[in-house]
Amino acid sequence: MALARAAELVGAVLGGGNLTEAFEHMLATHPGWPDATRGAVRDLAWSTLRDFRRSGVVLDRLLHTPPAPAIHGLLLVALTRLRQRPEQAHTVVDQAVQAALELMPGLKNMVNGVLRNALRQRDQWAAWTEADEEARLGFPRWWIARLRASAGEGWEAALAAGNQRPPMAIRVNTRRTTIDAALAGLEGAGLVVRRLDNDALLLDRPVPVGRLPGFSDGLLSVQDAGAQWAARLLAPLAGERVLDACAAPGGKTAHLLECADVELLALELDSLRAQRVDSNLARLGLTARVQVADCRRVERWWDGRPFDRILADVPCSASGVARRHPDIKWLRRETDIAQFAAQQAEILDALWQTLAPGGTMLYVTCSVFDEENAGQIARFCALHADAERVPVCGEPDLKLLPNAEHDGFYYALLRKQA
Ligand SMILES: C[S@@+](CC[C@H](N)C(=O)[O-])C[C@H]1O[C@@H](n2cnc3c(N)ncnc32)[C@H](O)[C@@H]1O
């Protein structure tokens, strides 16, 4: 059953769909699924898509043309499973044939034949993978080239980390508890936790949020450790006017409000996503004004009172979080990067007008590509003579590449001359 449902999800992505949306839709149509089923389907679909091209190179040897997305998805899922559980080969093939019967009965024999053929050539898989850069590194060729150019010598480790299951980190709501008390609570619940430099609490392995003591009472949130730099770096002070220009789902909005009593305006373009900001804040006992707006259309939302601090957590390629959203590897095109960069430039230029002289703006992406990061900030500073760079952790900017502790992020801090 898990195989057929995961195949549908992978097939949806092969057809150009969004993985998270497809999964949410599937859960909505199967409300009775136990946690174990949800987890199994998710794990299989996500790991298949994370293994970009590894199963694809095997299929390329066995099929001249790719079949319909659902069956193509099924073959990729089954090959991924065969790599994960070689000792269960016959069970996996039988399950795949059952899944084919359900998805496209006419292709049952083809699925059986391809998988048995693949198994007969299993000792070749490693060599086929090794000979194909995309399969060996698990990312599209253009992505590898860009990361190599942007990240220096850390590029290969960043790709390897980007193929792993992501870590899980906790943010403590310091309005309701202390870091020490939260740490003790997590350890008391049998979890192994490490406190990082920015007070993010890193779990040794992901757990369902239901296992986090105090989650429903708003003591804790799940937020990647890399994302927990934003509020620290922007460092708002009590009484300041703060703009969070691209806010949903509201992780950083909440963190800013946990740090200081500020007057915060949270803007979000997508009205459905804006509701998630409201619900996150409600769980944590925090308040802000949440407004659905395009932050670039300043004349539509700004009352003319300048902000002391602005968080610009802009839309981006999300190349730093691909292990959480592995459909990105399959769906992004290299030409998308210039489009994101153009959109980011518009956002930065628009928001700058609303920043008070002497105020600071934090630019954030979860991208690992220079064009969206340091290149974007260099462009901005060249155009705005009143912008000065503020060092971040002693460096011009903070470039976090994905690793075992955090996802990939970019941070740059700008001050408007007084
Ligand atoms: C990287 S996400 C923000 C994540 C969020 N800051 C957090 O930590 O939870 C970018 C968000 O910006 C929104 N967005 C994109 N373009 C926008 C625009 N022009 N104005 C306002 N929001 C925008 C997207 O819908 C998306 O929710």
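Each residue, glycine too, has its Cβ placed from N, Cα and C.
Per TrEMBL, the features are as follows:
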| type | residues | note |
| --- | --- | --- |
| ACT_SITE | Cys366 | active site, nucleophile |
| BINDING | Cys246, Ala247, Ala248, Pro249, Gly250, Gly251, Lys252, Glu268, Asp294, Asp313 | S-adenosyl-L-methionine binding site |
| DOMAIN | 158-417 | domain 'SAM-dependent MTase RsmB/NOP-type' |
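Locations of recorded TrEMBL features on the structure.
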residue : record                               : Cβ contacts under 8 Å, 6 or more apart
Cys246  : S-adenosyl-L-methionine binding site : Leu267, Glu268, Leu269, Cys295, Ala312, Asp313, Val314, Pro315, Ile347
Ala248  : S-adenosyl-L-methionine binding site : Glu268, Asp270, Arg273, Ala274, Arg276, Val277
Gly250  : S-adenosyl-L-methionine binding site : Ala266, Arg276, Val277, Asp278, Asn280, Leu281
Lys252  : S-adenosyl-L-methionine binding site : Ala227, Ala230, Ala231, Asp244, Leu311, Asp313, Val364
Asp294  : S-adenosyl-L-methionine binding site : Leu269, Arg300
Cys366  : active site, nucleophile             : Gly226, Ala227, Cys316, Ala318, Ser319, Gly320, Val321, Asp407, Gly408, Phe409, Tyr410
- [ ] Across the whole of the domain 'SAM-dependent MTase RsmB/NOP-type' (158-417), what does the mean pLDDT come to? Round it, please.
- [x] 97
Open item on the list: What whole-number value in Å do you get for the largest C-alpha pair distance within Cys246, Ala247, Ala248, Pro249, Gly250, Gly251, Lys252, Glu268, Asp294, Asp313, the residues recorded as binding S-adenosyl-L-methionine?
Closed with: 19
